[in-house]
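Asks: Before I ask anything, let me first share the structure, which is written out below as structure tokens.
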Amino acid sequence: MTYTASVVGGSGFTGGELLRLLDGHPEFELAQATSRSKENKTIGHSHPNLRHSDLRFSSPEDLESVDVLFAATPHGVSMEQIDAFQEAAGTVVDLSADFRLESEAQYDEWYDGHTRPKLLEQSEYALPELNRDNLEGADLIASGGCNATATILGLLPLFEADILSGDEQIVVDVKVGSSEGGAGGGEASSHPERSGVVRPYAPTGHRHEAEIQQFLGIDVSFTVHAVDMIRGASATCHVFPEQRVSKGDLWGAYRGEYEDEPFVELVAGGGGVYRYPEPKSVAGTNRAEVGFELDPGNKRLVVFSAIDNMMKGSAGQAVHAANVALGIEETAGLEFQGLHPVGAP
């Protein structure tokens, strides 16, 4: 069976990744892409890798009826347009933060409130490794934040294996590429200002903390740095377990959680150049790399995870979740394994 799909907000970076994935997906027919600023231009005008397509951007006011609508719009748009989205499609996958959290109180604390709070309990978080069963048949799906996704994937096995209880001190440092700022950018995203930086841009209070709290049930000390790469999110989690932990315990926890997951790979101190997770290794793919190292002298466990922020942290996660929701093979349209060697991701 072939499902029709549309992308609302298709001219941005994440929208472009959605268009790329859907264009090559064996079970989706890309029916529409909207952009207010690029209306009537071909999608290749914004995304040169899609110049082969004749599809043109249409107005977001003229939504066509499709099976699945992917919304790659700024925060606040989807909650205002959700009625139109759901009228146009049986399944809506939102890539903004509008439906990620479970309660109105959380949006009051972390964002600027929510205009459609009754829909929050109907939404399902899009990370299949965390929420697969609830995604099956879901009609409103919220793709997770890239920094939260990297952190959750790194820490989840430790909680599932009861290595951590939630009372431990956990310090998370995330380094992200410039594409996280979107195609619109701003002064801080211009090449002269961004090139060569290791810039703390959210030392405390990053909104993705709310997702980590919600799904792992913990508070973390969370800091995000902007670094000189285009794609990628790399999370380094410093954990101080209350109990003694061995390498065997860790291998058992991570293999037990991820051995059957098609998009998560364990990379933990092996040979070669790429001994631990790196964004460069997963650029352009829906894969996540997860690894760890023990520091027994300081009673510390260091957990690493790396994803492409626009793929596993956004568009790839969204398509993966849609596959699960519709009963499509999970890896469909997401088989690309990346390139090596490559330049800065």
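Glycine residues also receive a Cβ, built from the backbone N, Cα and C atoms like all the rest.
From Swiss-Prot, here are the annotated features:
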type	residues	note
ACT_SITE	C146	active site
BINDING	S11, G12, F13, T14, N309	NADP(+) binding site
REGION	34-56	region 'Disordered'
Asks: Could you check what DSSP calls G12 (NADP(+) binding site) once collapsed to helix, strand or coil?
Replies: coil
Asks: Are there any residues in the same chain, six or more apart in sequence, whose C-beta is under 8 angstroms from the C-beta of S11 (NADP(+) binding site), and if so which?
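Replies: Set apart from S11 (NADP(+) binding site) by at least 6 residues yet with Cβ under 8 Å, we have S35, S37, K38, I43, S46, F57, A183.
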Asks: Where does N309 (NADP(+) binding site) sit by DSSP, helix, strand or coil?
Replies: coil
Asks: Quick one: which of these binding-site residues, G12, F13, T14, N309, have their CA within 10 A of the residue listed as 'active site'?
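Replies: If one measures from the Cα of the residue listed as 'active site', the binding-site residues that come within 10 Å are N309.
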Asks: What is the number of residues in the region 'Disordered' (34-56) that are helix, strand and coil, as DSSP sees it?
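Replies: When I sort the residues of the region 'Disordered' (34-56) into the three classes, I find 7 helix, 3 strand, 13 coil.
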Asks: Would you give the longest CA-CA distance, in whole angstrom, between residues of S11, G12, F13, T14, N309, the set recorded as binding NADP(+)?
Replies: 17
